[in-house]
């Protein structure tokens, strides 16, 4: 084997080792474990008119589907929506 072939083989082996070592699917969890949305499963289905209906998430939660398409039934997980507060002035317009 020539030096170039050995070098190429070493590069490929290193790349495969790095790929195996550094690519893993980490489980996602809600930020607050005690929220109303944690560990709640939701589902997207279609009613008799073909409209998408989401079931299972409490108010203030967002259902994130585990599906690639938007036109299929899917299961998902509920996540808490971020809450923000706005301050208004006496004129009724939001303060900057």
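Each Cβ is built from the backbone N, Cα and C atoms, and glycine gets one as well.
These come from Swiss-Prot:
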| type | residues | note |
| --- | --- | --- |
| SIGNAL | 1-24 | signal peptide |
| DISULFID | 37-61 | disulfide bond |
| DISULFID | 42-63 | disulfide bond |
| DISULFID | 57-78 | disulfide bond |
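Mapped onto this structure are the features recorded in Swiss-Prot.
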| residue | record | Cβ within 10 Å |
| --- | --- | --- |
| 37 | disulfide bond | 20 |
| 42 | disulfide bond | 21 |
| 57 | disulfide bond | 22 |
| 61 | disulfide bond | 20 |
| 63 | disulfide bond | 20 |
| 78 | disulfide bond | 23 |
Residue 61 (disulfide bond) to residue 42 (disulfide bond) - Cα separation in whole Å: 10
Nearest-integer angstrom distance between the alpha carbons (Cα) of residue 57 (disulfide bond) and residue 63 (disulfide bond): 6
Rounded inter-Cα distance in Å - residue 42 (disulfide bond), residue 78 (disulfide bond): 6
